[in-house]
Each structure stands twice: as structure tokens, then as C-alpha cells.
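Some notes on the structure that comes next.
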Amino acid sequence: MTSLYMHMAWFTILFTSLVIFLMLAIYLTYMSQSLYISMNLFSLWNVDMSVSFYLDYMSLWFSVVVLLISSVVMIYSYFYMTPYSKSAYFLWLTNLFILSMLIVVNMSNLFFLMLGWDGLGLISFFLIVYYQNQSSITSGVFTLLMNRIGDSFFLVTIMLMFYYHPFLTMFHSSIPTLLTLLLLVLTFMTKSAIYPFSPWLPLAMAAPTPISALVHSSTLVTAGLYLMMRYSYLLYSSYFLMKLLLVLSLFTSFYAGMNSIFEKDMKKLIALSTLSHLGFIGMAFSVGLLQLAFFHLLTHALFKSLLFMSMGDIMINLNHSQDIRYLSSGMTYTPMSSMIMYVSLLNLLGMPNTSGYFSKDLVLEMMNYSNVSILATLMVFLNVFFTYYYTYQLFFYSFQPIKVSPYLNHHPPMLIHTLSLLLMSVSTLVFGFFYMSHICYLNIFFPMPPLVKSMPIIINLTVFVVLYLNGKMPTSNNVMINYYFSNMMFLSNFMMTVKSNLYYNVSFMLVKSTEMGLFNFCLNGFTKDSFYSMSSLIMSISMLNPMKIILFSTFFLLSMTMVL
């Protein structure tokens with residue numbers, strides 16, 4: 001069990017790093033400059049292997065958001081993880097994850113970026129299996145195996161890029177082949193849980209809630225989309241890849257939004273909401289809205305991590321129950337955490353002057369100036385309807401009375417814990433306005449049709465009126481239907497079966513063909529030949545006269561003595 005001083009020490013380190021990155025980000029943003037740092041390690045075959053960092057407004061502001069969330073999680077994890085053993089183990093793994101994330105964000109060399117990329121997957125596995133029960137171990141192994149696919153794609157991509165451009169930096173003078181770009185997109189899709197690699201994200205909710213707030217809502221799942229934006233000048237050269245990414249992102253957002261309607265687990269519901277927004281960001285990137293996609297990535301990371309942490313406070317008072325129907329006790333026992341949760345939900349709804357309003361509505365409006373079909377636009381607005389539905393569902397259950405409230409335990413949070421969440425909520429509220437006025441201040445205003453401009457507000461008011469008139473949200477109470485959608489229409493079961501059979505069959509074939517086949521044949525053949533040669537040598541020596549036998553024996557013993 002770690003003390004508060006250990007958590008405060010790590011908070012001080014992370015907050016100091018946050019201040020340094022923030023000052024550097026403000027300076028480079030206002031000066032419209034970037035910083036490239038390269039350190040040559042060694043040269044091999046006339047190729048310089050160097051560790052290079054590329055710091056511009058994109059990498060620095062994303063690092064600021066990562067360090068802000070990490071600093072708050074350091075305080076939050078003490079309150080949440082104190083009753084558990086191995087909290088020092090948890091603390092070191094969390095900081096190693098933050099280090100790996102900063103390497104991925106700021107590294108410009110693909111070869112060394114692989115270190116941070118692999119560190120994200122490995123440390124995420126250790127954090128998911130922290131509770132060491134059947135559910136967490138199954139989820140952790142499935143997540144690890146799913147991310148291994150992306151790692152294998154990444155290794156092949158590095159090999160092909162090294163063949164065409166041996167410097168492996170993000171500054172390529174030539175466009176790689178379509179196969180290389182396809183493998184690069186598939187690599188980033190696995191980490192960002194884009195369909196069909198999406199089932200691992202809801203299963204990863206078996207991790208502790210601080211890890212869900214840091215890893216599976218704001219940093220790890222956005223790493224793939226962030227790297228797509230970093231290598232956008234390569235990906236935008238292929239019209240086929242952008243169409244493919246647009247279709248898969250739209251389907252991911254639609255798929256996750258439809259499943260979130262039937263979900264009753266709070267953490268899985270937020271995970272499906274995260275999945276829906278990841279598809280939304282991927283859709284915005286694929287139609288060419290690079291700056292707006294990055295803007296929504298930052299705002300989504302802030303309010304979704306805040307939503308996870310406020311939900312975690314309420315879950316502690318529910319005896320760690322994750323059932324959404326027990327959510328109303330939060331307003332009774334932890335009113336501050338419930339109010340902070342409402343701040344996140346207002347951002348999720350895109351209420352005017354919130355960060356979610358600035359980022360989401362801009363993407364919806366600019367969709368009309370992109371070359372997409374009417375069907376794709378309708379699917380986007382349908383995804384917006386799903387977002388409003390499950391957000392108002394959270395509002396509805398947070399005010400519903402329940403009969404088990406007198407039997408729940410009360411765990412009042414510390415003052416520093418509440419102040420850190422309050423800091424996070426204020427940052428979430430003002431970040432959108434700050435980004436629009438100071439970071440991306442060169443705005444161009446386009447005329448918009450009144451119907452398109454007011455469509456999100458109309459959908460929002462329609463869902464609210466239905467809730468207000470009916471007094472409840474229409475949902476299904478059928479066990480089979482809820483189980484079907486809770487397992488993402490059996491996609492989780494299907495992918496788990498396919499992955500297990502694939503790895504089992506490949507491992508069995510390798511063992512059968514190598515260890516029991518080739519190695520066994522070579523070892524038996526070598527042993528047989530070596531014993532035959534040794535026996536022939538001994539037989540020939542024994543046929544010599546005694547003096548030569550003594551000389552040969554002496555030479556053999558001297559040789560063995562020198563070797564030993």
C-alpha cells in the first residue's frame with residue numbers, strides 16, 4: 001500500500017512536465033514554429049539510426065492533454081486504489097504507460113516509435129489483468145492478442161518503408177506503395193478499435209477505473225488516430241484508403257451507438273460512447289477535416305476521462321456496482337462528483353459554449369462541404385441521435401429514486417481529490433473556447449443552410465421532449481436482446497473464437513513442423529552422425545601402438561583442461 005506522499009511526488013513530477021510542455025506549446029503555437037531534435041546513435045550500412053523528436057503544435061498540445069489527465073489520475077488513483085494491495089505496482093505501471101504515450105506522441109522515427117507503441121500494448125495488458133480474476137484475465141489476453149495483430153502490421157510496415165526510404169522518419173520525399181499505406185492504416189486501426197478490431201475496447205473495462213479514465217478513453221485508443229494525423233500527408237495520397245477508412249469509421253460509430261442503447265453497465269456504456277466518438281473522429285479525418293478531427297480528439301479526451309472519474313466516485317458508493325440503474329445514489333452521497341458528471345454530459349450533448357459544441361458541431365457543419373453522399377450524412381446524424389439518447393439515459397437514471405440507498409456505504413472523497421476533479425472540469429469547459437481563439441485562430445466562416453445549422457439542436461430537443469413527456473427512456477427489458485447487443489451483436493464472441501483458434505492452430509503447426517519435425521530430424525541426424533564419428537575415431541586410435549595411444553590421450557586431456 002503506497003502512501004499519499006508517493007502519489008503526490010508523482011503528481012508533482014507530472015504537473016511540472018505539464019507546465020513545461022504548456023509553455024513550449026504556447027510559444028511554438030504563437031510563433032508558428034516547430035522544433036526538430038535528432039540524436040545519432042550509430043551508423044549501419046551507410047544508414048544513420050537516430051532518435052528524433054518532432055515538436056509542433058499538434059504533438060505538444062496532445063502531450064499537454066495527456067499530462068493534465070495523468071496528473072489528475074495520480075491523485076484520483078490514491079482515493080480509488082487505496083483498499084487494494086500492490087498499489088505500488090499499479091503506480092509504476094501507470095507511469096510507464098505515460099512515458100510510452102509521450103514517446104509515441106513526440107517521436108518522429110518509426111523504428112524507435114515502435115518501442116513506445118509496443119509499451120502501450122504490453123503495459124495496458126498488465127493493467128487490465130490487475131484484479132487477477134477470470135473476467136480481467138480473459139479480457140487482458142484478448143486485448144493483447146488483438147493488439148499483436150497491429151504490432152505485426154507495424155513491423156511489416158517498418159520493413160517496407162525501410163526498403164523504400166531507409167531513414168524511417170515522418171519526412172518522406174517519396175510516397176510508399178499502396179500495400180505499405182494499407183498496412184499502416186490497419187496498424188493504426190487496431191489501436192484505435194476501428195471495426196472490425198473494436199471488440200477489445202468494451203472488454204478492456206475490466207481494468208480499474210483510473211486506468212479506464214487514462215488509457216481506454218483518452219490516450220491509448222486515440223494513439224492510432226493521432227498517428228494517422230501525423231502521417232496524413234502519406235495517407236491522403238490514396239483516395240481508396242480514405243474511402244475505406246470513411247466506411248469503416250461510419251460503421252464503427254453507428255455500430256457502437258446502436259449497442260450503447262441496450263447497455264446497462266456504466267463503464268461499458270462509456271466505452272461504447274468512446275468507440276462511437278473514435279469512429280466520428282476517423283470519419284472527420286477521412287473526409288479531409290484534419291484540424292477539426294484533432295480538435296475533437298483533444299476535447300473528447302478531456303470530457304470523457306472526466307466522465308470516467310466522476311462515474312468511478314459514484315461507483316465506490318454503490319459497493320463498486322456498475323449497474324446504471326443504481327446511478328441515482330450518486331446525487332445523494334457524492335453531489336460534487338455528480339455535478340462534475342453533468343459537466344461531462346453537457347459536453348457530450350454539445351450544449352452551446354461547451355468544448356463539445358465547438359468541436360462536434362464544426363465537424364457536422366463542414367461535412368456539407370465535403371464530397372460525401374447523402375446516405376453518409378444521414379448516418380452521421382443518426383449517430384448524433386444515438387449520442388443524445390444514451391446521454392439523456394444517464395441523466396434520467398441519475399435522478400431516479402432507488403430503494404437500496406439506505407444500505408449503501410458512504411465514502412467521502414478527500415478535499416484534494418475533489419479539487420483535482422474540479423480543475424479538470426474547468427479545463428474541459430474552457431478548452432474549446434481557448435483552442436478556437438488562440439490555437440486555431442485563423443477561422444474562415446462559411447454560409448450554412450438554417451436546417452443544417454439547427455439539425456443537432458432539433459435532435460437534442462426532440463430526445464429531451466420525449467424523455468420529459470414519457471418520464472422514461474424507451475428501452476428493452478428482454479434478456480436475450482440485451483445480451484445480444486451487450487456482446488456487440490456477438491462480434492466479441494466471434495472475434496474471440498477466431499483469434500483463439502488462429503493462435504492455437506498456428507502455434508500447433510509451428511510446434512509440429514519445427515520442434516517435432518525439422519529440429520527433431522536435425523538433432524537426431526546430428527547425434528547419430530556425431531556418435532558414429534566418435535566411435536570410428538576411438539576404434540582407429542585403439543588399433544595404434546600403446547605409445548601413440550598415450551600421446552593422443554595426453555593431447556586430449558590437455559585440450560579439455562584448456563577449454564574448461
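Backbone N, Cα and C define each Cβ position, glycine as well.
All TrEMBL annotations are machine predictions without curation.
Note that this is a predicted model, so its numbers are computed, not measured.
What TrEMBL records for 61-81 (among others) is transmembrane segment.
As annotated by TrEMBL, transmembrane segment applies to 88-105 (among others). Remote same-chain partners of the transmembrane segment (88-105), defined as residues 6 or more beyond its termini with a Cβ less than 8 Å from a stretch Cβ, comprise 2, 6-7, 10, 14, 59, 62-63, 66-67, 70, 73-74, 77, 81, 112-113, 115-117, 119-120, 123-124, 126-127, 130, 208, 210-211, 214-215, 219-220, 223, 226-227.
The domain 'NADH:quinone oxidoreductase/Mrp antiporter transmembrane' annotation in TrEMBL covers 109-385.
The transmembrane segment annotation in TrEMBL covers 111-130 (among others).
What TrEMBL records for 142-164 (among others) is transmembrane segment.
The feature transmembrane segment is assigned by TrEMBL to 170-188 (among others).
Sequence-distant neighbours of the transmembrane segment (200-227) (same chain, 6+ residues past either end, Cβ-Cβ under 8 Å): 62, 65-66, 69-70, 73, 76-77, 80-81, 90, 94, 97-98, 101, 104-105, 117, 120, 124, 127-128, 130-131, 135-136, 138-140, 142-143, 146-147, 150, 187-194, 265, 267-268, 270-272, 274-275, 278, 281-282, 285, 293-294, 297, 300-302, 304-309, 311-312, 315, 488, 492. Annotation comment: TrEMBL describes 200-227 (among others) as transmembrane segment.
According to TrEMBL, the feature transmembrane segment maps to 233-257 (among others).
Sequence annotations record features per position, and here TrEMBL assigns transmembrane segment to 269-295 (among others).
Feature annotation from TrEMBL assigns transmembrane segment to 330-349 (among others).
Annotation source TrEMBL lists transmembrane segment at 369-392 (among others).
Beyond the ends of the transmembrane segment (413-435), by six or more residues, the same chain brings 68-69, 71-72, 75-76, 78-79, 295, 298-299, 302-303, 305-306, 309-310, 313, 334, 336-337, 340, 343-344, 347, 353-359 to within a C-beta distance below 8 angstroms of the stretch. Summarising the annotation, TrEMBL assigns transmembrane segment to 413-435 (among others).
Look at TrEMBL and you will find 483-504 (among others) tagged as transmembrane segment.
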Which residues of the chain, 6 or more past the ends of the transmembrane segment (369-392), have a CB below 8 A from one of its CBs?
246, 250, 253-254, 257-258, 260-261, 263, 269, 272-273, 276, 279-280, 283, 287-289, 345, 348-349, 360, 446, 455-456, 459-460, 463-464, 467, 473
Distal contacts, the transmembrane segment (330-349) - CB-CB under 8 A, six or more residues away:
273, 299, 302-304, 306-307, 309-311, 313-314, 317-318, 355-357, 387-388, 391, 394-395, 398-399, 405, 408, 410, 412-413, 418, 421-422, 424-425, 428-429, 460
Which residues, given as numbers and ranges, are at least 6 beyond the ends of the transmembrane segment (111-130) yet have a Cβ under 8 Å from it?
49, 51-52, 86, 90, 93-94, 96-97, 99-104, 136-137, 139-141, 143-144, 147-148, 150-151, 154-155, 158, 162, 168, 191, 204, 206-208, 211, 215, 220, 223
